Amino acid sequence: MAKKSMIAKAARKPKFSARGYTRCQICGRPHSVYKDFGICRVCLRKMANEGLIPGLKKASW
């Protein structure tokens with residue numbers, strides 16, 4: 001889990017636009033965040049396996 005202070009800091013608008021970055025909307029993780037969903041790979045996998053994201057399923061071939 002991310003620190004509450006870091007989540008609050010990331011929510012503020014940065015002084016320069018290049019300093020902005022995405023965070024997971026669920027857990028606050030700063031890395032490997034999918035822009036389409038707004039969540040990180042860990043939360044995406046968990047939610048996809050539980051069937052909470054419509055149209056997304058585990059690949060099998």
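Cβ coordinates come from backbone N, Cα and C, glycine included.
Taken from Swiss-Prot as is:
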type	residues	note
BINDING	C24, C27, C40, C43	Zn(2+) binding site
Item checked: Under 8 Å by Cβ from C24 (Zn(2+) binding site), same chain, sequence gap 6 or more -> P30, V33, G38, I39, C40, V42, C43
Check: Minimum Cβ neighbour count within 10 Å among the binding-site residues C40, C43: which residue?
Finding: C43
Next item on the list: Based on DSSP, name the secondary structure state of C43 (Zn(2+) binding site): helix, strand or coil.
Entry: helix
Next item on the list: Determine which residues of the same chain, besides C24, C27, C40, C43, have their CB within 8 A of the center of the CB atoms at the recorded Zn(2+) site, and list them by sequence.
Entry: Q25, I26, G28, R29, V33, I39, R41, V42, L44
